[in-house]
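Engineer: Sequence annotations record features per position, and here TrEMBL assigns region 'Disordered' to 1-23, 92-151. The compositional bias 'Polar residues' annotation in TrEMBL covers 9-23. According to TrEMBL, the compositional bias 'Low complexity' annotation covers 92-129. Summarising the annotation, TrEMBL assigns transmembrane segment to 163-186, 192-213, 233-254, 260-282.
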Amino acid sequence: MASPPPSPLTTNSASSAPPDTSTKLAAPPVHILPTQLATIYSYIHPAALLSAFAARFPALVNDPVSEMAQQLPLLALAQVAYVMICLPAAGSSDSTTTNTPTSPSTPTTTASSNTSSTATGTSSGNNGNVILRPGRVGRRRTKDSSSSSSTASAISGRVVASLLSLTLTTLLATPVLSILLILFGAPFTTHHAQTVLCAAHMAILSATALVYVHGVDGNVWKEVWGARRPGDVVWGGALGTCVGAWLGAVPVPLDWDRPWQAYPITLLTGAYLGFVVGSVLGRSVLFGRRIRFEEGEDVKKVE
């Protein structure tokens with residue numbers, strides 16, 4: 001028996017219904033660029049940061065303001081090199097290729113298109129991509145100048161994106177983190193230089209890669225502030241920096257009378273340790289996992 005035709009009222013109501021945005025997928029987690037240099041340097045960078053911080057820790061205890069001011073440009077340079085080598089820039093082709101898997105049918109389609117283009121070039125003679133000469137095998141014309149220019153433009157694009165991310169981090173993230181440090185108990189009437197320099201270190205550690213990878217995408221930044229981003233090396237490093245600084249504030253009020261308890265030495269130490277631990281966990285154990293907030297429960301689940 002034939003099914004009755006659909007009702008116009010049902011069809012119109014279904015087509016006019018707004019799309020369901022409650023199940024909208026979050027932006028996919030960020031992968032390290034699929035190059036050997038990026039893979040190697042992604043492991044070297046956290047270890048180098050932690051080693052340099054440990055080597056300069058006695059100087060940090062003796063004079064926190066001077067040491068933090070001297071190490072800030074070096075940290076900025078290291079983070080810029082890290083994002084340029086290891087991470088895809090926002091809106092670049094690398095961010096699309098690293099996050100979007102290719103389907104099995106893609107190579108077949110590409111091969112067939114290359115075959116058809118080769119056949120067209122052979123039949124068209126010098127107008128195509130294949131050069132045929134008497135007594136010689138047809139060879140494909142290479143475009144060294146265009147490839148070199150595209151490589152140069154890609155490098156310049158990464159440099160510009162990294163400098164912009166560093167600028168936005170310095171101008172926006174540093175004041176925000178300074179205010180948050182004061183709200184969480186940092187001195188309000190004293191230690192202004194310590195607070196600003198500690199916030200600048202935390203901002204460069206946490207926000208430079210976020211701005212470089214995600215740009216100014218409002219949906220992504222809503223997930224960042226709501227702690228709903230899927231785990232990856234970028235989000236793990238940012239979250240680890242903030243959590244590490246928060247845990248680093250625990251020894252400050254204790255009456256141990258140690259020189260390294262002075263504000264903000266333990267906060268900065270926790271931020272560096274949290275960045276390294278968060279980056280490692282974000283790219284391995286917690287990759288793709290998100291914190292799920294459930295109503296009526298104080299405990300947040302990670303799934």
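Backbone N, Cα and C define each Cβ position, glycine as well.
Show me how these features fit into the shown structure, please.
Structural biologist: Counting same-chain residues at least six beyond the ends of the transmembrane segment (192-213), those with a Cβ under 8 angstroms from any Cβ of the stretch are 30, 64-65, 68-69, 71-72, 75-76, 79-80, 82-83, 87-90, 95, 161-162, 164-166, 168-170, 172-178, 180-182, 186, 224, 233-235, 237-239, 241-242, 245, 263-264, 267-268, 271-272, 275.
Non-local neighbours of the transmembrane segment (233-254) in the same chain are 29-30, 32, 42, 86-87, 184-185, 198, 202, 205-207, 209-210, 213, 224, 227, 261-263, 266-283, 286; each lies 6+ residues outside the stretch with a CB under 8 Å from one of its CB atoms.
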